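Shown next, in structure tokens, is the structure this report addresses.
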Amino acid sequence: RSTSRCGVSASADEPAGPVASRSSCLRRYRLAASAASGSLPLSVPQFPRLPNTPYPVRPVDISWKVAPERKPRVNGIGDHPANLPLPPLLFRRHKLYRQELNLTSPAALLQLKMEASWLQFHLGINRYGLYSRSSPAVNQLLHDMQDFSMISADYSQDEKALLGACDCTQIVKPSGVHLKLVLRFQDFGKAMFKPMRQKREEETPEDLFYFVDFQRHNAEIAAFHLDRILDFRRVPPTVGRLVNVTKEILEVTKNEILQSVFFVSPASNVCFFAKCPYMCKTEYAVCGNPHLLEGSLSAFLPSLNLAPRLSIPNPWIRSYSFTGKEEWEVNPLYCNTVKEVYPYSSGSRLLNIIDMAVFDFLTGNMDRHHYEMFTKFGDDGFLLHLDNARGFGRHSHDELSILAPLAQCCVIKRTTLLRLQLLALPEYQLSDVMRESLLQDRLAPVLAEPHLLALDRRLQLILQAVRTCIDAHGEGSVVVNDTQIPTSSSASTQGLGQADWH
């Protein structure tokens, strides 16, 4: 025995030390108190006594030394509930299928619905136009693009082509000097977003060349309404919307380059700019107020893999230089040369070019260097009127050179002429019809009043050009009955919805 620092005798099975812990001292005090009462010897704890043993025996508990049976940790870690399920294996055909259906990810939380307005719009495209006169899908698509939330944002293919981030052979017309984004909605539809760069009451300066003119979001919206009023139906559905650039672009994009071009201006507005080799700096940024930014949303056409399109140079293309001129600008008989070349020598291609010239003259768009058309509908299919953001720039000037195809060829469709004459009547005046149509858009007024009045003035100039041609060549050779124009053998009478896309 030994005496510990507690002042109590220590038992033989407890090692003596110079310093005793407080817990061991308390235990010895309890044992000493029990021994003093006569219940136990001082040094023997109270344990059960086994038979044929003189002293109580302390049972030995070895359960803590034996580990319970369990699965090996290496093999069982994969079955732990904390592990996320593995994504399914995706083959190339699966990825292509999801890409063409506008799915943003293989594990999309939202489901594609066949009654989605953008899909019904795609299925309704036919050889006569992008949609029928009474198509309910177009009006529903316009409402959806205004109301649906965005699930992703990215640069357009044009900007990606300039950055080398996409297959440039799939690009119809690379550009990139103006900012535009591809936005995806909750129903997996896509739209091209063009932000506001110029106020409605501003007019393009006289000294500014057409190929460096501003891109106007309201021009895209107004062009869609004008195209529908003219009964062309060749402009994709376009609508105006106030976009929250922080919540609906920055927070949903996965493009690190796009994320890197956002900044806060000295006026505490959220801004961003395009990322491209030139003219893409903070000086050319667009800003919210402080987060909301006006813009146009144009519905996407079907993918090029599903509905291939051709991009064809406009025979009346302008010279994109400061000094040069094209042949049609100096040769008044240029149309005779065009008529000698197929497909302008027969069919409706030349008449469709003149329709496009009438449309561009009304909007004041001088930037129609190419036109596009679906290959499925053959050489006599309708022409797409895309990229109209450079229209409605100068209401005080009428660029008569845009009407060169009509003035030089002196032909026009009967249906087009009848529609123009109808819109010249006082009860159906073009400016009034446009004003009423544009009131349906949430960004109304879309056009300033001088631009609306310019439509009436330009319409009279078109009708005057037709009268001049009739006086010179006769109505029989000028006005073509387009309902009896023979179509090429390669043209398909089916719509895109009836096509075998696979």
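Just so it is clear, glycine is given a Cβ too, placed from its N, Cα and C backbone atoms.
Since the structure is predicted, the reported quantities are computational estimates derived from the model, not experimental observations.
Database features, via TrEMBL:
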| type | residues | note |
| --- | --- | --- |
| REGION | 1-20 | region 'Disordered' |
| BINDING | K194, S298, A299, F300, L301, E372, D387 | ATP binding site |
| DOMAIN | 262-478 | domain 'FAM20 C-terminal' |
| ACT_SITE | D367 | active site |
| BINDING | D387 | Mn(2+) binding site |
| REGION | 481-502 | region 'Disordered' |
| COMPBIAS | 481-496 | compositional bias 'Polar residues' |
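Shown on the structure are the features that TrEMBL records.
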{"residue": "S298", "record": "ATP binding site", "Cβ contacts under 8 Å, 6 or more apart": "A191, M192, K194, E220, F224, P236, P237, T238"}
{"residue": "A299", "record": "ATP binding site", "Cβ contacts under 8 Å, 6 or more apart": "W118, F121, L141, M145, G189, K190, A191, P236, P237, T238"}
{"residue": "F300", "record": "ATP binding site", "Cβ contacts under 8 Å, 6 or more apart": "W118, V182, G189, K190, A191, M192, P236"}
{"residue": "L301", "record": "ATP binding site", "Cβ contacts under 8 Å, 6 or more apart": "H122, I125, L130, P236, A307, R309, L384"}
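Mapped onto three states, the DSSP output places A299 (ATP binding site) in strand.
Looking only at the recorded positions D367, E372, D387, the densest Cβ neighbourhood within 10 Å occurs at D387. Around the Cβ of K194 (ATP binding site), the number of neighbouring Cβ atoms within 10 Å comes to 27.
If you take every residue in the domain 'FAM20 C-terminal' (262-478) and average the pLDDT, you get 93.
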